Amino acid sequence: MRGLGWITAINIVLVLLAINSVASAESRYKWNTLDWLESLNITHELHNVTTEDGYQLELQRLPRKGAHSVLLVHGLLGSSLEWVLLGPDRSLAFQLHKRGYDVWLANLRGTAPFGRRHVELTDVMAEFWRFSFHEHGAYDLPAIIDHMAQVTGRESELDGHQDEQGEKEPPRQVLLIGHSQAFNAFLVLLSMHPRFNQRIRLIQAMAPLARLHRQVQFDSTQVRHLMKFVKKRQKVNNFEIFPPGYLRKICQSKSDVCEYYAKQFIGSAKNNKKLLEPFNYEYLLQGGSAREIKHLQQIWKSGDFIAYDYGPVENMQIYHGVEALGYNISQITVPIILYFGETDAIATPSGVHTIYARMLKSVKSVRRIESAKFNHLDFLISADVKTLVNDKLIGQMEQFLEGRLPYVIE
Ligand SMILES: *[C@@H]1O[C@H](CO)[C@@H](O)[C@H](O)[C@H]1NC(C)=O
Ligand SMILES: *[C@@H]1O[C@H](CO)[C@@H](O)[C@H](O)[C@H]1NC(C)=O
Ligand SMILES: *[C@@H]1O[C@H](CO)[C@@H](O)[C@H](O)[C@H]1NC(C)=O
């Protein structure tokens, strides 16, 4: 009897523990970046940045004064949540900060809840949603990087850092890290505002989307379906393609549909549970404008890295020609490291290799994530992200900073 009593007690404890961990996982799915930082009691700063065209973006910073500044930039449908949601031991933001870096987390226009304000517009207006990676690179990133320079410049003045002539130091260079569509925004930034070539020390791009033509692992019918869906939402004035929680709801009620599209667009995963995991996070896959998707579709179709195609009439007014302009990427000089996953359906291995082989001269290294199966979102939520991605990224960055980055094309 006594033995049985013990077993019952242990069982009850186990059940309670299980319920508890399910409940806390459930609540974590609704956390945004700030919820994570606050609940982990991590020292952080918040910064408001206003872009030249009036968007008010909120950044988070894990400050380390005087250290190298790293800016982490999320991809399509992402937010700064990408860099914290695996907690203190496995998330890139925390790993970098522990290693001694000054870490900044970008939230580009459109992300909820940190990229949804504008000096005049509100996020229910069509006008608010007229952006793609072009505006992320042409307006958001310059404002963010200039703001970082202002803040770190002021801190260094306060610390009395001046050169012999008593002049101010030049703005501190930034180490950029981005996932997915963020790389497209980096290229727009550097070709539209070449002065940033001197301001950025290194770009590390995970699963970059700059070359999609004949590369993606889904076919034109599937792209048509996606575009039809986008159009339908626009028709009923849903300018935001996936509001926070939208995908979570769909994936709970129609898990087979969700699974099908997840497989097509995000690639294969070891098991279905893992495949659907990213959809659970309310603030992970959310936001997005129709134009973002459309612009990517145009790159996919044309095979060139072109500015947004408005159609011949509007193109004439904007670009003074019937066709959309190609970005002048030949002037990009910032060293670049690219990372690809073997089974990424969007940033495919050969797509990423063409960025190196045909597009940009300043690629210093192309690295494969060492796993037979690694897809687009695994860069953010894979259980092995620390060893497979983050440690590698930090290692490469440090080799680069010490001037001994090996030239490796994998
Ligand atoms: C949070 O951190 C501060 C400063 O390090 C400390 O004083 C405080 O006790 C911590 N709070 C919790 C709940 O851990
Ligand atoms: C940023 O703007 C929001 C909204 O106006 C405000 O609540 C917040 O205090 C501001 N944060 C900073 C650091 O200025
Ligand atoms: C692109 O940039 C290069 C280098 O700055 C310059 O020589 C060239 O004229 C530019 N091309 C266009 C079309 O602007």
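Cβ atoms are placed via backbone N, Cα and C, with glycine included.
Curation plays no part in TrEMBL annotations; they are all automatic predictions.
What TrEMBL lists as active site, nucleophile is SER180. According to TrEMBL, the feature active site, charge relay system maps to ASP344, HIS376. Residues or ranges marked as domain 'Partial AB-hydrolase lipase' by TrEMBL: 38-85. Among the features that TrEMBL reports, signal peptide is placed at 1-25.
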Open item on the list: Using the alpha carbons only, what distance in Å do you get between ASP344 (active site, charge relay system) and HIS376 (active site, charge relay system) once rounded?
Closed with: 5
Open item on the list: Measuring Cα to Cα, how far is SER180 (active site, nucleophile) from HIS376 (active site, charge relay system) in Å?
Closed with: 8
Task: the domain 'Partial AB-hydrolase lipase' (38-85), counted residue by residue under DSSP: helix, strand, coil - done: 6 helix, 19 strand, 23 coil
